[in-house]
Every structure is written in structure tokens, then in C-alpha cells.
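Asks: Sharing a structure here in C-alpha cells format.
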Amino acid sequence: MVNSSGSEDGQLRSPNDVHYHSRGEEDEHEGDADALYIQPPQASRESGSGPRREKKKHSRERRRHKERDDVGGAALALERDHRYDYRSREEHYHHHQRERSSNAAAAYAKHHLGHAYHYPQPPQQQQQPLPPAPSYAAHHYHHHQHLSGARAAPREYHSYPSGYHSGSRHGDYPMEEPTRRSSKYAESKDAESLEQDLRSRLLKKRHNYVKDYETEENYEHRVERSDRREGGRKERERTVRSTHKQNRHDRVIELLDSPEQEHHHQHQHKSHRSKWREEVEVIRRKVPEDLELLARREKLLAAERESRQRKQTAREELEARRELLRERNEHSDALSPTTVAASVTAGLNIHVKRKSKPDNYEKEIKLKKRREDDIEVIRDDDDEESEESDSNEEVPEQDSEGSATESGSEDSYASKKKSKIKSKSQLEDDDEDLPLPDSPLSVGELYKSPKQRQRSRSVSSKSSSQSSRSSRSRSRSRSQSSLEDEVDRQDVGADASPSSSTRSEERGMTQEQPEEKPEEKLKEKQKSLEEQIPCDDKGIPLPNYYPGVQGCRSVEEFQCLNRIEEGTYGVVYRAKDKRTNEIVALKRLKMEKEKEGFPITSLREINTLLKGQHPNIVTVREIVVGSNMDKIFIVMDYVEHDLKSLMETMKNRKQSFFPGEVKCLTQQLLRAVAHLHDNWILHRDLKTSNLLLSHKGILKVGDFGLAREYGSPIKKYTSLVVTLWYRAPELLLCSPVYSTPIDVWSVGCIFAEFLQMLPLFPGKSEIDELNRIFKELGTPNEKIWPGYTELPAVKNMLSQNSQFTEYPVSQLRKHFQEKTSEMGLSLLQGLLTYDPKQRLSADAALKHGFFKELPLPIDPSMFPTWPAKSELGARKAQASSPKPPSGGSQFKQLGRDEPIIVGPGNKLSSGIITGNKKSHGAGGSSASTGFVLNAGITQRQLAMGPGFSLKF
């Protein structure tokens, strides 16, 4: 906005000012004497202002010369020169205007009046018209605007003729007012106001310059100070680091020289280790654990607490009985005739004893030392102690018999003395409190104690004697070790002296005689233990089980609920653990050759199950044994369903799996097979009856009876593996070498069975199985299966002028195009490829696009549930699939062909092609079996495998 006062420094102009009005218009503005107006820039024509201006001019020049050397610098001097030139031109311009005529002067004054007076009117400020045509007023305004430092664009300065304003027509027309802009310097000022304005601006610039200079200087000082401070800090850190390094070096030297520093360092290391263990323990506690594992641990801890309470009560009862027996023995010893006789003989022979003491004193000390050393050795040796604990229970009975026969012999006394010392040490060990373990896996440390070892020995011996006396029985009386025999010989030699009888009588008088009632003590101990130990249904006590330390548990600790099925090499039962009440699966291994040792098939199964731990493989918990070694059981997690029986139930209800469920099951199966193959394990018996499904939808592979580890290079194994319906064609054609592709073929058959709820190749024999495979997939040849003609079965057939029926086209797409997608067909064809080298691997099948297309595999937890037949107590119906081969030369018959009709001329008419001619009997059904063979083969030979009755 333009300053309303008429100047930048706020000076007010009145109408009485000489520079405001022209001479011809004094009367026109007389009534507005009190109003305030803005003085336009114009030159004064009065003569009195000349000396004053000259004086100011000289003062300005002096001031300019004075300030030229001041702070302003070259920029201020240049600006002053510019303004000085402007003033000289202005004076020259107005000097020419004064020489004009009065009319021209009046017109000029009128022009200046309109230029100054009409500008502040509101309509002229609000409306800004377009730039007018070039005129003198516009030129004059822009000329002043440019010279006063405004931002308007410079215009070209035109020189007008001297008689421009003196024209006749120019005075009649009104002068056009130029477009005003709201500029700070839009109004022109006189020389004094301009001087003051310039001075104020210069002072302001100088002040800003000085202020900026001081600010920069202060900032530089601050930066320098901070740099100095930072450098000092870095220097201090450098010195601290160097001193710390030197101190460390000195400490290392002290540590190597002084053992105290080493001890201190070890103590610090231990403290750090303990802190680290505490942190790890806190992290482990924060990590969420499996609920089943926590429940199992809680049950084990509860069983541990219960056993601890039983031990405490048994210990208290035993202590009370000991006190009672001591009181009875003291009372009976005081009145017994043997005690009286011993006291009398001791009184008579007291002088003899004193005399003979120096002679045998050294021998007696040596014997005592040897006995103490023997006792310490026996205590430290766990194996000898476990054997002697059984014999110590029978020592009183043996001593009573020995005293009747050899009452005066010193040998019996030495054995009695040794048994007394051992029994005392055992009683002291019983009284000591045993440290209880912290974790369930370390509960078995209790078994290492002498008390627990003695208790478990006695209980197990009693239970074994009650259950089966004809089975393996532990001999309770065992021979003493060579160390004890040597001590006994030394005792006999040392005690062969006249004073030995007196010493024995004195010992018998001073010491207690716990062997007087040994039978009662043993009965009471066993009775107290029987009251505290848990028993099974028949009343037979169960031994304490501590995993990780003790051997195999007994199968009697499990309650058999019902039989589930019979596997390849054993029968599976559903049972309940009597300690934890958990439902488990017990698989009994067949021990047909137990006299020759543990069967190799059972060892392979246990080994592969322990090596192949995976979420989709059955979990082995432990191995338990029966009363005899011919009964061995594998304890596994119980899974509710097997897929064979489940699919039969669904088929009876006219149900089938959804595509997402098929993908979920196949994906879990492929994961398990891939894990086995990564661990160099062949399952060799994959089928739906060996696939288990839990209520949570988790598929688990079971029955590892035919599983075997393989290696590189691949060895020759028996081809009589895998159940017939899921057997690969290379096995059916007696290939001597096979590997993981045989499991992949079985997975392909199972995948097809998931899709159609029926077996894909339900052959009755190897011949029928091959015929079904070739009919479904087409007959192979050397082009699609390199090395096909080199297989033993094919080579023998060709040598005998026999061949298979040709099926050129695969029927797989025709049968499954409505049951799965194109990607599903591609996966099925990849799994059922003839050439084992071109067949998909389990890892490659997992990456197939079938599992990535919609619908995606469902989550196992979303799987529907069905009631398990085994839980209802009903025996599960046997699956309709054939049993797997038992292996070796004792394999059983896998199936039989259809009955063969013998036609006239004793020729077979079951569709078999003899030579190259078809027999037309029985309707000419030569395509029913598709196998071409020579004539004269009996029915029994056709039913045998694996070589199709051909001797290779």
C-alpha cells in the first residue's frame, strides 16, 4: 500500500505548502485547506530556494566524500553516484521546463496536480485498467518509477519535441493518468526527504550487515569451541583406550604369573556362565511349549511326587520297626543264657587277654585297616554293590545254617562280621535323604542309590517268581568276589591263635546280634514295600520306571484295551499306560527265531523309526518287554484312523475327499517320503493301510517292517517287497537294482486312490498286476523305458518266444479328467512314469504346481473328524488289500489267478497266448490277462511269484 502521508518517512503535506498548488488553482482548493494531501514530486520555481539547494548540494557532496571511506564500501558509493546523476538529470529537466511559456507552465502544473491529486481516489486504486497508449504522463510516471528503484519493467525513454505541450489541441484534452501500483516508492519525494530516506536505509543496511557479521563470528567461535571440545574428548578416549589396553596387557601378565588372579578369573567366568544360564532358562520359560509335552511332564512329576511320599512313609515305618527291634533285642540279650555265659568267660579270661594283646596287636590293626578298605571299595563300586545287595538279604539265613554246622570255626565268624558291617553301612545309607532330581528325565538318578537298587531288585525278583517261575529267575545267593575271598583267607590266618575265641566272645557280648531274627525283618521290609508299591490287576507290584537310566519297562505296566490290526511283522494293540493314563499303540514284534537272537527285521524297524523322526512319521516312545524275551513291544503314539478303513467307511456312506483334502493328504505323504529319502531310508511298503490319520488331520506313515537303509552305490536287494497293488513295474519285472522311485510309484497309486476312492491296480497276482498296469498306462517299450528289454523277466520271456499284449494308448487321462485338474493329471503321470530315472522325486513332486493352484491344500486342523472303530472296542475289519510279502524264501502266496479251465487236448484256455497263436477256447478271452506264455504251466505255477513260475 502507498503511504498516505505522502512520503516514506511519514511527513505530512498540507494544502498550504508551496509545492502543493500551482498558481492558477489556488482558488479552486481553498475550501480544502484543512485536508491532508500527498505532495507529488515536482521542481520548485521560486527563486528563494536556489541558495538553500546549493548549500544542501555542497553538504551532500561533503557527506558523500566523507562516507565514501566509511563502512558502506563500493556498493554504497555506486548507489550514491547513481542517485547523484539522477538528481542532475532531474534539475536539467526542470530547468528546461521553466523557460517555457506560461500556458505550457500552467498545463505542466495542471498535469502535476492531476498526477498527485486524483491518484488517492478509491476508484483509481481498486480498478487497474489496461496500460494506456504512450503519453507524456505515462512516460513521466514510469521514468520517475524506474529512477526511484521500483520493480516495474523499464521502458524506453523517448525525447519529445520542445513544442509538444504548447500545441493548440493538447491543452483541451484531459491528461491520462497512468496505472498506479502499490509500491513503497511510488510517490516521488523532494531532495531532503530522499536524503533522510537514503540515510535511514543505509543505516539499516549497515546495522543488518554488522548484525550478520557478529552472528557469523559468534557461530564460528561456537564451532571452534565445539571442535576444540570434541577434539579434547577424542583425545581423552584415546588415552583411556590406550591405558585400558595397557592394563589388560598387565592383567594378562599377572594372570599368567599369579594363581590368585587365575582363580579370580575362573570365578568371574563361572558367574558369567551362571548368569547366561539363567537368561537362557528365562527365555525357555517364555517360549511356548507343546501342550502334550507339558501334560506328559506334569504326569511324570506327579508320579515322582507320589513315589517320594511313598519313600518317606516307608522310611518312617522302617525306622519305627528298627527301634522296636532294638528294644526287643536289648531285653532278650540281657536275660539270655548265652549272654550270661559270655560275660562269665570274659571275666575269667580277662588276664589272658591282656597278656596276649601285645602279640597280636599289630595283626589286628592290619586286619581292621584291610576290612575298612574293603568296605570303602564295596561302597564305591556300584556293580559289586548291586550284586552284594541281593546276597546280603540272604546272609542271615546262610549264617544260621553255617553256625549249626561250623559253630567254632573262625571262617564263619569272619563272614558274619563282614555281613554285619555291610548291613550297617546299608542301613546308614537308607537313613540318608536322597537328593531328588529337578527334571523328569533325571528322575532315574534315584535308581543309582543303594536303597533304590535293593528295593527294585527285591520287588522284581518277587514279581518274577510269582508270575513265571519257569522263566528267567535271578539267583538271590551269589558268590562273593575274589576280594572278599582274599580277606576271608587273611582273617582265618590271623585268627588262628589261642586268644581268638576270647576275642570272638567279647565281640559277641559287646555288639548287637541282628541275625537272630532275620526272617522276620525281611518279611516286614517286604510287607512295607508291598504296601507302598503300585500293583497291576493281578496284584503284582510294578517296578519303578525312570526313563533314560533304567532298562526296558515291562509290558505289564500297560493295560491292553483291544487289538487294532496285524502289520507286516507284528500285531498292533491299543493300550493305556497305567502310570500316566495315556492311550498308546503297542506293536508286538514277531520273534519267530528268538533262539537265534533278535530278528534283523525288528532291528531295522526300530532303527529306522528312531532315525526318521518327523511330524508325519509315527513317533516311537520306548521299547518294552514281556515276561520272556520272545515278547518285545514298540510303544508308539496312538493315531485314531488308518486311511484304508476310513476310505471304506466313506465309500459306504457315498462320500469322497474334496480337492483341498486330497492335496493336504498327498502333500503330507510326500513330506514324509522326502524326509525318509533324505535320510537314506526306503520304506518299501507304502499303502493306505499303513497311513494313519489323527483327529487333528495329521497324516503319519507307519509300519516300517520292510524299511531299509540304502547307500551309494546302490546294492542288490530282494525284489519281493511292497504290497502287490502298490508295487512298481521294475519290481514286478525282477529288477535287481532299485532305489527311491519304488516309493514314489506307491505314492502315485495312493494319490489315484484318494481321487477315485478305489485302488488303481488291484491285481490278484504279479501277472494280473502287470496286465492292469499296461492296460491303464500302455505297454512300455525300449523307447519310453530305456533298458526295458534287459530286465530279467522280459529277457526270459523273449527268449521263450513270449510277449505281452500291446496297449499303445494310456487311459489315465480318460479315467481321471473329471476327478482332478490338468495339473493333477500332470502330477499323476509324473509319479506313475515307467522309467525310474524319469520318475518324479518326492522333493520335485512337492514343488509341483498342483499344490499352488486353487483350491489350495486345506489346513490339517480343518480336516473333518470321524469316530474311530478301535476306540469303540470293535475289532477292525481286515482290509481288502493283500498282505505284504514276508521276505526271503518264506514269502507267502500273494494271490491267485482266476480259475483256469482246461480245454480239450490238455491246453490252457484262460486267454494266454501259446507261442504266437491264440487259443479260441472259452470264448477266446485272450485279452483278459494279457500275458503270453508257453503252454503246459500248471495253476500252482501261475499263482507263484515273483518270477511268474519262470526260473531266472
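Heads up, the Cβ atoms here are built off N, Cα and C, so glycines get one too.
Worth saying up front: this structure is predicted, and the values here are computed from it rather than measured.
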Asks: Just to confirm what the record says: which one of Ser47, Ser403, Ser460, Ser886 has phosphoserine annotated in Swiss-Prot?
Replies: Ser886
Asks: Do you know which of Ser14, Ser881 is annotated phosphoserine by Swiss-Prot?
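Replies: With Swiss-Prot as the source, phosphoserine is noted for Ser881.
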Asks: Where does Swiss-Prot put phosphoserine, among Ser336, Ser439, Ser712?
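Replies: Checking Swiss-Prot against Ser336, Ser439, Ser712, the phosphoserine entry points to Ser439.
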Asks: Going by what Swiss-Prot says, which of Ser258, Ser449 is noted as phosphoserine?
Replies: Ser449
Asks: Which residue from Tyr117, Tyr447, Tyr710 is recorded in Swiss-Prot as phosphotyrosine?
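Replies: Per Swiss-Prot, the residue annotated as phosphotyrosine is Tyr447.
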Asks: Check the candidates Ser442, Ser645, Ser689, Ser765 against Swiss-Prot and report the one noted as phosphoserine.
Replies: Ser442
Asks: With the ranges 51-56, 123-128, 915-920 to choose from, which does Swiss-Prot describe as motif 'Nuclear localization signal'?
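Replies: Here Swiss-Prot associates motif 'Nuclear localization signal' with the stretch 51-56.
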Asks: Around Asp685 (active site, proton acceptor), how many other C-beta atoms are within 10 angstroms of its C-beta?
Replies: 25
Asks: Tally the residues of the compositional bias 'Basic residues' (53-66) by DSSP class, grouping H, G and I as helix, E and B as strand, and everything else as coil.
Replies: 14 helix, 0 strand, 0 coil
Asks: What mean pLDDT score does the domain 'Protein kinase' (558-851) have in the model?
Replies: 87
